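Worksheet for the structure shown next.
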4 protein chains.
Amino acid sequence: MSLPVAKDPMARRRSSATSTCSSSSYTDTSSDDEGVSPREKVQKSSKGFTDFCVKNIGQASFGRREIEIAEQEMPGIIALRKRAEADKPLERAKIVGCTHINAQTAVLIETLVALGASVRWAPCNIYSTQNEVAAALAEVGIPVFAWKGETEDDFWWCIDRCVQADGWQPNMILDDGGDATHLMLKKYPATFNLIKGIVEESVTGVHRLYQLAKAGKLSVPAMNVNDSVTKTKFDNLYSCRESILDALKRSTDVMFGGKQALVCGYGEVGKGCCSALKGMGSVVYVTEIDPICALQACMDGFRVVKMNEVIRNVDILVTATGNKNVVTREHMDKLKNGCIVCNMGHSNTEIDVQSLRSPELNWEKVRSQVDHVIWPDGKRIVLLAEGRLVNLSCSSIPSFVVSITAATQALALIELFNASPGRYKSDVYLLPKKMDEYVASLHLPTFDAHLTELTDEQAKYMGLNKAGPFKPNYYRY
Amino acid sequence: MSLPVAKDPMARRRSSATSTCSSSSYTDTSSDDEGVSPREKVQKSSKGFTDFCVKNIGQASFGRREIEIAEQEMPGIIALRKRAEADKPLERAKIVGCTHINAQTAVLIETLVALGASVRWAPCNIYSTQNEVAAALAEVGIPVFAWKGETEDDFWWCIDRCVQADGWQPNMILDDGGDATHLMLKKYPATFNLIKGIVEESVTGVHRLYQLAKAGKLSVPAMNVNDSVTKTKFDNLYSCRESILDALKRSTDVMFGGKQALVCGYGEVGKGCCSALKGMGSVVYVTEIDPICALQACMDGFRVVKMNEVIRNVDILVTATGNKNVVTREHMDKLKNGCIVCNMGHSNTEIDVQSLRSPELNWEKVRSQVDHVIWPDGKRIVLLAEGRLVNLSCSSIPSFVVSITAATQALALIELFNASPGRYKSDVYLLPKKMDEYVASLHLPTFDAHLTELTDEQAKYMGLNKAGPFKPNYYRY
Amino acid sequence: MSLPVAKDPMARRRSSATSTCSSSSYTDTSSDDEGVSPREKVQKSSKGFTDFCVKNIGQASFGRREIEIAEQEMPGIIALRKRAEADKPLERAKIVGCTHINAQTAVLIETLVALGASVRWAPCNIYSTQNEVAAALAEVGIPVFAWKGETEDDFWWCIDRCVQADGWQPNMILDDGGDATHLMLKKYPATFNLIKGIVEESVTGVHRLYQLAKAGKLSVPAMNVNDSVTKTKFDNLYSCRESILDALKRSTDVMFGGKQALVCGYGEVGKGCCSALKGMGSVVYVTEIDPICALQACMDGFRVVKMNEVIRNVDILVTATGNKNVVTREHMDKLKNGCIVCNMGHSNTEIDVQSLRSPELNWEKVRSQVDHVIWPDGKRIVLLAEGRLVNLSCSSIPSFVVSITAATQALALIELFNASPGRYKSDVYLLPKKMDEYVASLHLPTFDAHLTELTDEQAKYMGLNKAGPFKPNYYRY
Amino acid sequence: MSLPVAKDPMARRRSSATSTCSSSSYTDTSSDDEGVSPREKVQKSSKGFTDFCVKNIGQASFGRREIEIAEQEMPGIIALRKRAEADKPLERAKIVGCTHINAQTAVLIETLVALGASVRWAPCNIYSTQNEVAAALAEVGIPVFAWKGETEDDFWWCIDRCVQADGWQPNMILDDGGDATHLMLKKYPATFNLIKGIVEESVTGVHRLYQLAKAGKLSVPAMNVNDSVTKTKFDNLYSCRESILDALKRSTDVMFGGKQALVCGYGEVGKGCCSALKGMGSVVYVTEIDPICALQACMDGFRVVKMNEVIRNVDILVTATGNKNVVTREHMDKLKNGCIVCNMGHSNTEIDVQSLRSPELNWEKVRSQVDHVIWPDGKRIVLLAEGRLVNLSCSSIPSFVVSITAATQALALIELFNASPGRYKSDVYLLPKKMDEYVASLHLPTFDAHLTELTDEQAKYMGLNKAGPFKPNYYRY
């Protein structure tokens, strides 16, 4: 489904304010320095570096281990680092970064540095920073301004510290949500106009860039990496195929075999959810608005129904539409006792959770991210993550998936930074297909996969360059 | 894979000259009227109609039964017939048709007539006509000029009879391979310029249209229905998922369980083949040139290898690349005894069959469409359909798949015929996405599938029209 | 399901009187010698051998090719032949054989000869003999008495010629249906009592042996090979997984994707059918009487329903119960237009076909093995093989499956023939598990599968002999 | 695989001493009463009941909620409770229970009470007691003697308190591991001889019962519920199909797609693991010692290899053999960097973990239940649960699976308690098949599954009773 856009730029940051129910998160549980803000503390790395602001520089070694573990599952970005390290294709690039800060993005950040870039980094979300990772980055001399639990004011202060600094004239932006772009455009328009390019990853940020371009306010080239084929398939189909099982199991220990599940939406996310649940022996129904996707669901062996045909029978209800109020109070009134309800699709809009916050219903928190909502007759539904994205809240995202996104981001930065003048106008571009193919090729060794090469004769017959691109732009994969 | 184009317009007609090994074809085995050409015979229907030329009008009732059976499995085109019959959207359309003539296309032809069109019809292939179906069409008064086993001269004569006739001024072309377009453009340019639109289904024909357009020689609008999403997915992914098993089983009775299979190419066709073989318990390997498709193969659970890594071990070798000489003599020298080799991809180029026609190898025809090629040491490989498309030669194509194509063709004709002046220029167009969605919706009742409708609020939130289209043009499905 | 037993010994022979719709059967279509019975003809092989009776010895070379093709797909029995040829473990065995006579059983027969046995062979079914194969056996000097289309009198004459011959004192019986055993017991009791052992393959024959044993009339040991684990799984689960698709596709060209199918019975046959149909994208429902099998169906992702819950909606109805009148006229009255009805289970009892032979319904034969039964309102159901076993009638049985049965039969003969006196009493035995394991091991090289061997330490820890058997008798696999 | 037996009765208790990495366990983290043993504390429920010994009676309400949640997923045992509550089939039964004590077994215990039994309960493992659940049982007046972290001495004391009590003459034993049986037989032989029956669930306990019977020391009837078909399939195939994914994901966040996995052993557990991993897009290899299971693996689409053929390439290595030292140090020396190694099979013997505790290898604990073992060259393998059962240590067991086991145990108690004198001798019995079928039927409503009933005519034709049993004892399912 084409995902819609949150109107409020802060919504994205708040909506993914998730204390995950994953067992694998390394949360720091240290006593809290008595609530002193990091901004008020004097901070210094073991080597005397001070141009950063994190929660606790002392956690650097824990963070370093996390980064090293992530590197193991991020073969593509590491391969890119090795291949391009000698060339230093980002030499003289000065990048303002604004993304989540965790072990996986740290691998990207350190790759950019290895490729020659100078960077300054802030978080794109007030809750998602892994403090020990931020510490590890600071410890090796990377200017990072980030901690978990920032205030709104802290948030903008951190970005500001990345844009403005002594002797620092940024020329690239790597953004995830558009906030660094927004701040620079509003507050430092002169600096903004000297930027060589913006790389934006998120649905929200890309939407804002297209709006800026349409309004004639985008004065620099931007690359939309959100819609690259490799990133899209992995973020949606393949990643969700795994995370739907993980999220449901970790939070509820439900047995999938024989259960009846309803998946709303048969886009890439829905396809991944359906495939996984069917593989585990669930009976899966689909709702769709688009007849083409509906026909695909049929051919893949799923009954396409209207919600009310099966709503009384299902054990698991998953939304994956990108739309709002797909599951209404009226639907939930009909659910049977014990039904699990969760959102895999978009933001927190798909399930009308608000309708459940009414006096006649009791909420009982049974675990982190798991609420029982109890009807007057005793019926309970099991609501996960209060209707927010359950794959973000209750499962982990494989580093391999992040590696693909990170490699795409790095390549987009290289492309924009090194493009000959005039190659890119002040507009929003998709990554050239050849680079999509290159990202994919970086990840094949993980699977010990071996590509076949075209012979000269075959390339000629097909009208292709032996090095690609191998498909027309409209190819659907 | 993007399929390349046969250079010689006759190649297509000859290459699919297939006497199928399907048990379900109703071939007429009657004694041959002593070889008299249909063109030399006086022909008359039971109602005195004479404007046609078929093999034997006496077979009409057999053909009618075939058409009725096909109608059962072609719900979409029949639904279209019913919905549009009152409107007669093709009233005054005069269509020159040039396609395969069989029970399934007969359903399309009779639908066009039911929608108000006048038609004259010729075959696009000298071997593929089902004589009894042609007879059935003639019997109900449709001018059809077609028999199985035409000569090259007959072939052009038949098309000519559809273009030129007393009191007949065609204004639409429905083409499959571009021959009717070609003839009219060359021989009757004045008539051609009065055409309102061309609908072309084949890779070859579409390629020629794009060339004409590029060369400035296309003076009328044309619709490329070959690349419609619904048609593409069904012709490739879903249809091949079924026909690979059917073709192999009917021709060789091979047991799939435990067999090692190598599928060359992981485009839509390859994806369908791999999914089916895996589902039946085969161990499947994939070769690919495109890293994105290769990565998909990995994620779908297939080892991506170079041919030589597994060539000595496989029991089944399937090509699905659209390329040439994918399987060479050198490869086949390494195959083990009993390996089955077949082509699901394109034309007859993928397997270098020519290299097997050499003195040291013996050929032994063991069944229709099945040859054993025997090496001096006694090793045999089982070659299907002499390297031509095995799904055309050794399996049937489900009427349901043809229904989707037929509905797409009919809608394209309606669109072009009824478009307001200036809506389409003299260029090649893709079918509007909304019509793709309509074709899909026509086929949902077959599966008792029920679409969900957007609420006003949801449509607004998504920025969509409630009636579609539901996806941007670049959506990949 | 435990299969019941046909009461009439001839029932089995007649019920499988199938002219298959398989494209791969090599039926002789030669003109019929003007109807002269083979029994009245003088017959002689090219080497002057005359102790046989077949349709046409001149077809021997065609039959030989068929046998050679079968050998390619029967690796286990060929491996057994090679391993045991030097030992001649059947030296001095004189075997009366009574089985189907086709390319696959010919491989068994010639294997027994290669292992040292003398044999005389008759068919167990009056229709199933492949004449050219019988000719090929006779040509190499094997006394075979068999042709397609025998009369009842011919049938018993052929068996008699195998039991009684100059200088021939049989000491083993290989039976399929119990007729050779029956004839010898009734007509030649003295000869019967000298038999060292009987090997019986069929449900019917095994049932009769147990009855004889129970009644104290079985004076020799017998081996029930019908219930060997390897044979059972391959004859049912794995073979039916492939043949359900093949039988439906060859006879109806139905597209499986999205179709709703109801499978009655979730025993091994039903499990195979459900798995295959689900794999091809059908939506599958199951009916069951046994709660354990029903629970398995649930866990495997199938809805378990009563027939009437879905009877109006299904496109395909398959019986696999071993029971009678599972599909009644009342059910069929509710089926929707175009529904395909077939029997994969047992004999011809599962569908009440008799109820369809009533005046208000029209039957229309549309293809070999395919009838349309037409209701007064025009509704048609598509009945396959007139309710007889569709996998026998409309698909082939993979030689690989037959190889497993044949190897099991040969090993049972070797075991009984070589057993030390007193090892087997006059009773019915199952093949020792170790021999089941040996049969399996003979078939592993086909898949290039490599067994792991227990270390001494591991064998001791498990309390197992390193050579097997590896499982207790009650193990379920 | 037939699982071997731990020789030391304590081994089982210790080997599953697992602090799980599951996010869903409710461990009590309350401060520890300063280490005072529960045996030394005065304990009293809110209603003044004192005949119990738990950690902290104050946690009863937490435990009650846990029990209520478990009841939701244990429909079979609850259904049994409801159906039999009026009959009180266990009235006058006095049961000594010795099992794990957690929310799920609490549902069983309370069911036995609801059916009329008096019970006294002790744990079968010194670590596995959920303290809050034990408190909840005590709170409602059930004499329970159990806490987490018992000493060896505590362990036997608890059992003793269940056997010996004022006015208590036990007449049934429900055992899991054989310890209650062992203690009673050794210490209270007179009491033991008055027992009406023993129900034993574990491999170990069953083995000991067979040994007692063989040695003539078993003076009462015993029921082996471990080998009931329903229990076996669910404990192994279906449960492991889910837990392999859960255990790997929770502990390592590994992405399954495209990963190469080696599963050692293709018994029920191995089948479940292979099916799940294949379903998620892994490439799965199998090792086997048994040719029948190996052939099944082939037919199911897995390559059967010797360990050394793939050991250098795999990303995941899972043991499921029931054997010892299946993975040796030599194997692990060859594994590639990052390979995950875990045991799904049996005890802690399958992986030779001892061989990894050597000076040249470094161990690094990265998470609970996850160790990196580091070779001198930097290679790491990821060892889960130190080679103990990873499904017990790192995933949850679905309550539904436990419900099946619990229902089987309850029915076995009812059967033995109510059997007419002489029905059961002093021997070990399997549960009658009809009761297996009854257990299955109790669980069908969960899936809204509807059984079909035989007609009289059909039952007669099949020779079956309409109420079952429906299969012969040797049926394999």
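The backbone N, Cα and C atoms fix where each Cβ goes, and this holds for glycine too.
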### Query
The NAD(+) site in TrEMBL includes D:Gly267, D:Glu268, D:Val269, D:Gly270, D:Lys271, D:Gly272, D:Glu288. Which of D:Asn131, D:Asn391, D:Asn418 is also listed there?
D:Asn391
### Message
Using a Cβ cut-off of under 8 Å to chain C, which of the binding-site residues D:Val269, D:Gly270, D:Lys271, D:Glu288 qualify?
### Response
D:Glu288
### Query
Any idea what DSSP makes of D:Gly267 (NAD(+) binding site), helix, strand or coil?
coil
### Task
Could you say which of the binding-site residues D:Gly267, D:Gly270 has its Cβ with the most other Cβ atoms inside 10 Å?
D:Gly270
### Query
Within 10 angstroms of the C-beta of D:Glu268 (NAD(+) binding site), what count of other C-beta atoms is obtained when all protein chains are considered?
24
### Query
Which chain-mates of D:Asn391 (NAD(+) binding site) that are at least 6 residues away have a CB under 8 A from its CB, listed by sequence?
D:Ser239, D:Cys240, D:Ser243, D:Ile244, D:Asp246, D:Ala247, D:Met344, D:Ile397
#### Entry: Local confidence of the prediction over the domain 'S-adenosyl-L-homocysteine hydrolase NAD binding' (D:236-397), expressed as mean pLDDT
95
### Query
DSSP three-state call for D:Gly272 (NAD(+) binding site): helix, strand or coil?
helix
### Query
In Å, how large is the greatest distance between any two Cα atoms among D:Gly267, D:Glu268, D:Val269, D:Gly270, D:Lys271, D:Gly272, D:Glu288, D:Asn391, the listed binders of NAD(+)?
21
### Message
Can you tell me how many other Cβ atoms are located within 10 Å of the Cβ belonging to D:Lys271 (NAD(+) binding site)?
### Response
24
#### Entry: Packing count at D:Val269 (NAD(+) binding site) (other Cβ atoms within 10 Å of its Cβ)
29
### Query
For the binding-site residues D:Gly272, D:Glu288, which one has the sparsest Cβ surroundings, going by other Cβ atoms within 10 Å?
D:Gly272
